[in-house]
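J.: Let me begin by handing over the structure; questions about it come next.
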């Protein structure tokens, strides 16, 4: 069968977006892995699926699958692309959209020239909300790594879980070495996304993220939210912060006790069609 799709990216975090309202397809783990292959498939960080919602307050249901086929709760760069996709495909004429995710409701607002502002919901900090193994909640935690190395982290759930550590320079940070250790650490029973943040000043940070089940990506929207919120909680950052990632910049806004707002661009790369039989086992 032929499957129509769209390739998009948010700051280099790239997606295959599939409308399963107007067409039908069964995409199992093995099929997703084959589609994600950058040599023999479409190639992407995540597959984004558009489905009818299960709850009356939502316009759409948004499902996210990593390149290894695992389903995850949230993707900040993805939800911006999702919002642009459903609008450009005329699945809705709304510019303010309510989207059901595995982590709850998010509300993207379409702006001009592909920019989207998203209500990302409330950040969560308690160990059982991450989840993270800890005796009691603390502002910062010490994580023991290999070779008697320790790092100080904050933990934030932005629809998916993040550990944030502050580094002197993101360019020289050992993301490839430390990232996998944090991601699969025994204190994170569902694994974790590891963020490495450099504070430039109170309105500007640089960030690299080693994503759970993916590895380091050019950008991570929920990671940018988690890092900014972590810095604000520590008293290092103002309530509106520019987060600079390898793929570009996001603006993150947060007030204590309120929702987090993320604003950033989207890019429509191309529309495609493929014979799904070649990717199924």
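Glycine is no exception: its Cβ is also placed from the backbone N, Cα and C atoms.
Take a look at what Swiss-Prot says about it:
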- 75: active site, proton donor (ACT_SITE)
- 220: active site, proton acceptor (ACT_SITE)
- 13, 46, 66, 76, 77, 160, 193, 211, 212, 221, 222: substrate binding site (BINDING)
- 270: site 'Important for dimerization' (SITE)
J.: Rounded to an integer, what is the Cα-Cα distance in Å between residue 222 (substrate binding site) and residue 75 (active site, proton donor)?
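T.: Cα-Cα distance, residue 222 (substrate binding site) to residue 75 (active site, proton donor): 6 Å.
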J.: With the substrate site defined by 13, 46, 66, 76, 77, 160, 193, 211, 212, 221, 222, which remaining residues of that chain have Cβ atoms positioned within 8 Å of the Cβ centroid?
T.: 45, 64, 72, 74, 75, 78, 209, 214, 217, 220, 223
J.: Quick one: largest C-alpha distance among 13, 46, 66, 76, 77, 160, 193, 211, 212, 221, 222, binding substrate per the record, in angstrom?
T.: 16
J.: Non-local Cβ contacts of residue 13 (substrate binding site) (under 8 Å, 6 or more apart, same chain)?
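T.: Counting only residues 6 or more apart in sequence, the Cβ neighbours of residue 13 (substrate binding site) under 8 Å are 45, 46, 75, 77, 78, 217, 218, 219, 220, 221, 247.
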J.: Out of these recorded positions, 66, 212, 220, 222, 270, which one has the fewest other C-beta atoms within 10 Å of its own C-beta?
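T.: If we count Cβ atoms within 10 Å for the recorded positions 66, 212, 220, 222, 270, the smallest count is at 270.
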J.: Counting other CB atoms within 10 A of each CB, which of the binding-site residues 77, 193 comes out lowest?
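T.: The binding-site residues 77, 193 were compared, and 193 has the fewest Cβ atoms within 10 Å.
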J.: Give me the count of other Cβ atoms within 10 A of the Cβ belonging to the residue listed as 'active site, proton donor'.
T.: 28
J.: Should residue 75 (active site, proton donor) be counted as helix, strand, or coil on the basis of DSSP?
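T.: Where residue 75 (active site, proton donor) sits, the three-state DSSP reduction gives coil.
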J.: Report, in whole Å, the straight Cα-to-Cα distance of residue 270 (site 'Important for dimerization') from residue 212 (substrate binding site).
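T.: Computed Cα spacing between residue 212 (substrate binding site) and residue 270 (site 'Important for dimerization') is 27 Å.
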J.: In whole Å, how far is residue 270 (site 'Important for dimerization') from residue 193 (substrate binding site) when you measure between their Cα atoms?
T.: 29
